[in-house]
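A.B. asks: Structure incoming, see below.
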Amino acid sequence: MSQKILFIDRDGTLIEEPKSDFQIDTLEKLRFEKDAIPTLLKLKKFGFKFVMVSNQDGLGTPSFPKENFEIAHEKMLDILKSCGIEFQDIFICPHFENENCACRKPKTAMLEEYIKHELYDKEQSFVIGDRESDMILASNLGVRGLKYGELSWKEIENEILSSFRSASYQRTTKETDIKVKVCLNGGKVSIKTGIDFFDHMLEQIAVHGGIGLEISCKGDLEIDEHHSVEDVALALGACIKKALGDKIGIARYGFALPMDECLASCAMDFCNRPHLVYKAKFKKSHLGALSTEMIEHFFYSLSYAMGVSLHLKVKGKNDHHKAEGLFKAFAKALKMAVKIESENLASSKGVI
């Protein structure tokens with residue numbers, strides 16, 4: 001099974017590399033790079049596995065005795081383990097560059113099993129290192145390379161997470177042409193459906209759900225808003241589902257009860273058994289150019305495209321506030337449900 005793997009260089013990336021002799025052979029030389037450990041802990045929560053790939057020139061020779069190397073190396077691993085970080089595999093090439101061995105980075109012989117058995121997901125794996133050889137290794141593996149030094153560890157974290165749990169989706173029919181981009185970790189918000197009140201409601205999902213959301217819709221509004229609202233819901237739901245990927249680690253369940261002068265509630269389960277229970281009554285037929293009956297249809301289409309069981313209800317006097325309350329409650333429940341809480345799938349069945 002393909003995994004999300006970070007192939008990580010050691011010296012100069014994970015730990016500081018001394019410029020005097022480029023060897024970490026004493027405990028005094030062992031220093032972690034700034035934010036390396038917090039970043040790896042964060043990425044671990046998102047299901048990434050770690051593989052160390054390091055060139056250690058002349059390891060085991062009189063100029064670099066193996067026992068000296070192991071003192072600092074084992075201490076480094078002990079510290080990382082105490083913080084909750086372990087490497088799935090550790091590959092070390094001990095040769096000098098002029099020996100022209102098959103295992104030295106950027107060659108891939110050390111990672112032959114990963115390549116042969118397709119053990120890493122090329123779309124969601126990365127090489128992190130401080131040298132050009134690390135970037136060439138990334139190219140040889142068919143994954144993206146992130147160069148430490150040009151990027152800090154926090155910037156590396158942002159780069160990885162912005163590409164992870166993100167998705168784009170386009171839905172084109174005879175009635176509508178819709179483009180949606182979702183980043184569950186936050187990002188840009190830009191919504192243009194041609195229906196101002198609908199835009200305002202969709203913005204509530206982005207703002208209160210803490211997600212990046214870009215939607216553009218060209219629809220047959222000269223007829224009415226039905227096709228645009230329905231197809232935006234279908235495209236948005238499909239895009240959120242795509243961004244969640246394998247759903248490993250997510251809380252799965254969400255519940256929200258925001259209160260203004262109206263009371264709105266939402267309960268959500270990413271169970272892949274779509275269902276909607278909706279209880280809301282509006283006095284007005286329209287809010288702006290949005291038909292109030294289309295609010296229920298929006299959530300119906302959205303729940304089926306997302307694959308969620310969704311319970312929504314609202315009580316209050318002001319129709320605008322009631323509609324906004326429903327979208328806010330949905331957003332808050334979504335934020336809770338997609339939050340990474342563990343490294344496991346929230347299902348005894350092993351699939352959701």
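Keep in mind that glycine also has a Cβ here, set from the backbone N, Cα and C atoms.
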A.B. asks: Going by the Mg(2+) site in Swiss-Prot, where D9, D11 are listed, which of the candidates D89, D121, D130 is also part of it?
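C.D. replies: Answer per Swiss-Prot: D130.
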A.B. asks: For C103 (Zn(2+) binding site), which residues of its chain lie six or more apart in sequence with Cβ-Cβ distance below 8 Å?
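C.D. replies: Once residues fewer than 6 apart are set aside, C103 (Zn(2+) binding site) is near F91, C93, H95, A109, M110.
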A.B. asks: How big is the gap, in Å, between the Cα of D11 (Mg(2+) binding site) and that of C101 (Zn(2+) binding site), rounded to a whole number?
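C.D. replies: On Cα coordinates alone, these residues lie 20 Å apart.
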A.B. asks: Is D9 (Mg(2+) binding site) helix, strand or coil when read with DSSP?
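C.D. replies: It is coil.
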A.B. asks: Let me know the DSSP-derived helix, strand or coil state of C93 (Zn(2+) binding site), please.
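C.D. replies: Where C93 (Zn(2+) binding site) sits, the three-state DSSP reduction gives strand.
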A.B. asks: If you count Cβ atoms within 10 Å of each one, which of the binding-site residues D9, D11, D130 comes out on top?
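C.D. replies: Going through D9, D11, D130 one by one, the largest Cβ count within 10 Å is at D9.
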